[in-house]
Amino acid sequence: MAQNVLAVELAGIWKRFPGVIANSDINLKVTAGTVHAIVGENGAGKSTLMKILYGMQKADEGTISINGSELIFSSPSDAIDAGIGMVHQHFMLADNFTVLENIVLGSEPKSGGKLDFAKARQQISDIAAENGLAVDPDILVSELGVGDRQRIEILKVLYRGAKILILDEPTAVLVPHEVDELFNTLRDLKKEGLTVIFISHKLDEVLSIADEITVIRQGTTVGSVNPHTQQVSARDLAEMMVGNELPTPQSVGDTIRDEVVLKVENLSVFAKGGKAIVDDISFQIRAGEILGIAGVEGNGQAEILDALMGIEAATGTVHFKTEDISKKSTRHRRELGIGFIPEDRQRQALLMEAPLWENRMLGHQTREPNSKGFLLNPRGAKADTKRIVKEYDVRTPSIDVLASALSGGNQQKLIVGREMSGDPKLLIAAHPTRGVDVGAQAAIWDHIRNARQAGLAVLLVSADLDELIGLSDTLKVLLRGKFVADADPATVTPQELGTAMTGAGKAA
Amino acid sequence: MTYLKSRRFIGAAFTAITILSITRTITGNGDLTSTVTIAQALVFASPIALAGLAGIWAERAGVINIGLEGMMILGTFGAGWAGWQWGVWAGVLAGVAFGAIGGLLLAVAAVTFGVDQIIAGTAINLLALGLTKFLAILLFTDAPGGGQAQSPPIKGDIPTFTLESIVEPLTALHEKGIFFVSDLAGLVAGLFYHLSLLTIITFLLFVMTSYLLWKTAFGLRLRSAGENPWAADSLGVKVVQYKYAAVVFSGMLAGLGGAYLSIASTIYRNGNTAGRGFIGLATMIFGDWRPGGTAAGAIMFGYIDTLRLIDTGNQNVKGLILLGAIILFAIGGIMLRKAKRNSAIGFLVLGSVMIGAYFSATSFPPEVAQVAPYITTLLVLATASQNLRPPAADGVPYRKGDHH
């Protein structure tokens, strides 16, 4: 490994947006042939910084040096030419294109005027073989899962001859064994002499993969540590990120009461072709109980939640307390006191082009404080939005900005705040802390636990196994639309749970 | 073309000829598959096909082109105006150029300014309609042979070709009335009878589009602008330029379609397009945003138009109604096999109603004739559109650096 050669050096980077300073005086040195992690809270300015490094945005001040020479990037092509590649957090893939088409787009091999598909196929399988990234180049991307998509993103970057890879929160969408695979790939890439910049807020992962860690807080670099030579714990890093000492989230005692809040019997959801996506499942949740569902995404979780909310057609019966709500409308269910945090916040939970206070009304438009009789009550909604912004620490300049102006984690905090309003009896939550940083995550957990104390029943779906184990009173493993195992959250480990999720074995 | 694709194509063609043949045999109406009918159907189909192809270019790059009708109108006007003064080929060029202006207008509004694409397209339709009416009064009223609503005749003709050695024996074979064989003969002969050079150009444009958009790097980049422009941008594809190129070329194709219409009727006339731009859009959707399917849809519309217009003694309309009934039964049968009972019953009942109408009535009012084929088309579209795959970012305004 070549020591002390700087692959990337950023000096004095400033970036201002109207009303916000995203980056202030950022200094970063990345040694060639290492995995360098950048950690920070949501909205700390990590993503902006990487966009600057990748030429998607221009810094107001400061310099970028690649392999010792100072460069100016005015578009991603400049960055690509300098050997930088970016794997985006939200995959940048065209679903209707094949894997091959997605990889070669923009730098296609040609023979005559024609795109040389044979050569492209050869090049891709060569690169794939070298780095242990198996893919079928002729399959449509729409047919692939997240793990495969991420491999394609990495291949895209390698195909362009990148020597410096930026990965923006690459593990956020992966299950544990996929994370292990990714890390093996990254170690291989490092052996090949590539430099990896790894953005994350999952500190355990960062500690296991990074050679050097730089912490960003409120738009500026606050320090770097080397986990090989210095003793650092996830907790130390978290405190550097947040700037003060963290509360310790501990599970509280048994709060489960006798009253059954949700009783589901023989619930099934069918796909267009008649295949059962959710296959005849039954369960119940009592007041003060959190039931966690573990499973690899796409095994029917989204359909269960949508069916319970009356969004998706389903067979079977659903009782809320004593009332049969199987045939009731979504609005009726919400008015009974069912809160819903959906999987895809931009598609199901928010109007991106509406201000925060209008988003506060969504799904609660018939109830206090959002309406008075027949009319909406904007004043009440605005006041309550301010409360949510304060209680849930939503980082926003005002409640009048559009939802699209917030970072993903802050959007999530707003949604959680909204769904916990109005004293819900049942919360149906998918990935309640997805994309949210450690500090805010602990706060959301506390809110949920406090409500549970007061008798809230929760159905929890999460890809974060620590969260599932830490919060749930009861755990069920979902595989291909069926519950295949129960697990005791007091004893099960994330590894055991991950294994059970793939159907490889039974959980403890 | 893979083995599977060519097999599917042959299968579809075989089914279509069989259905036509059955209809022809029952009605005893030789016109349904005659050389002249098919030749005329190609003339009617070509402008629609060009409009559909224009739609493919724009929408594959992510810009919905509702303005096709307006761009066609501009093309009809350009062809009439230049064709009257400088000859038919000048008319073709002017039609293409006028269409290109329409395309450029849409590109500026939709791509540069991010105006809602439906609204921008509708505005172009209204603008083209009003502008051409106004210019017609201004330029054609006092011209010899012209009028307030039409241009003087276009000078000269587009060359047409007839391959006598193929047409004559096949037409003779068609007149023998043998099941399937004669119908096939009539269909093939029609392809080589008074075949216009413009029709040949249209065909070549389809071949060129298939090649350019699906086999070259240029095409991949252009389509990436319609599938995920943000991804394309992140890979250094100049999305805006591709969108501009696609939309302007779309306008040129629509303009050519308009020119074809004017030249086929030898003059520019107000309202000559009669909604063919929209029908072109429908054939594009029917064809799943691909050239082959779009061409098939356009030929279907051209064929129906032909039968309606060359109708003698109301026989063709009857034939069409029977044809519709048979198609409905065929779809109903497929639905039954796929165990979609409710849709199947719907199709079978409608088919029975049409069969009943065919056998009980001796003649139909022309209004029925006009509507019946479109109802059938609509139903076919409704079933076909279950599995369509439009470009993922079609109609989504794109701004550099936005999103994610």
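Using the three backbone atoms N, Cα and C, a Cβ is placed for every residue, glycine included.
Please treat TrEMBL annotations as automatic predictions, because they have not gone through curation.
As annotated by TrEMBL, transmembrane segment applies to B:35-56 (among others). Only residues 6 or more beyond the boundaries of the transmembrane segment (B:35-56), in the same chain, are considered here, and those with a CB under 8 A from a CB of the stretch are 65, 68-69, 71-72, 99, 167, 170-171, 174, 186-187, 189-191, 193-196, 198-199, 202, 205-206, 209, 213, 250-254, 256-258, 260-261, 264, 273, 276-277, 279-281, 283-284, 287, 289-291, 294-295, 297-299, 301-303, 305-307, 309-310.
Sequence annotations record features per position, and here TrEMBL assigns transmembrane segment to B:63-82 (among others). Away from its own ends, the transmembrane segment (B:63-82) comes close to residues 47, 51, 54-55, 90-99, 101-103, 105-107, 110-111, 117-118, 120-129, 131-132, 135-136, 139-140, 150-151, 154, 226, 243, 246-247, 250-251, 254-259, 261-263, 267-269, 272-273, 275-278, 280-281, 394-395 of its chain (Cβ-Cβ under 8 Å, at least six residues beyond either end).
According to TrEMBL, the feature transmembrane segment maps to B:88-111 (among others). Away from its own ends, the transmembrane segment (B:88-111) comes close to residues 54, 58, 63, 65, 67, 70-72, 74-82, 117, 120-121, 123-124, 127-128, 154-158, 198, 240, 243-244, 247-260, 262-263, 397-398 of its chain (Cβ-Cβ under 8 Å, at least six residues beyond either end).
As annotated by TrEMBL, transmembrane segment applies to B:118-140 (among others).
The annotation transmembrane segment is assigned in TrEMBL to B:191-214 (among others). Away from its own ends, the transmembrane segment (B:191-214) comes close to residues 35-36, 38-39, 42-43, 46, 49-50, 53, 56-57, 60, 92, 158-163, 166-167, 222-223, 253, 256, 260, 263, 291-292, 295 of its chain (Cβ-Cβ under 8 Å, at least six residues beyond either end).
The transmembrane segment annotation in TrEMBL covers B:244-268 (among others). For the transmembrane segment (B:244-268), the residues of the chain that approach it from at least six positions outside its boundaries are 43, 46-51, 53-55, 57-58, 60-61, 63, 65, 68, 71-81, 83-84, 88, 91-92, 94-104, 106-107, 110-111, 136, 140, 150-154, 158, 198, 201-202, 205, 222, 225, 276-277, 280, judged by C-beta separation under 8 angstroms.
Residues or ranges marked as transmembrane segment in TrEMBL: B:317-336 (among others). Note on the transmembrane segment (B:317-336): residues 15, 19-20, 22-24, 26-27, 29, 31-32, 304, 307-308, 311, 343-348, 350-352, 354-355, 357-358, 363-364, 366, 368-369, 372-373, 375-376, 379-380, 383 of its chain, located 6 or more positions outside it, place their CB under 8 angstroms from a CB of the stretch.
Annotation comment: TrEMBL describes B:343-361 (among others) as transmembrane segment.
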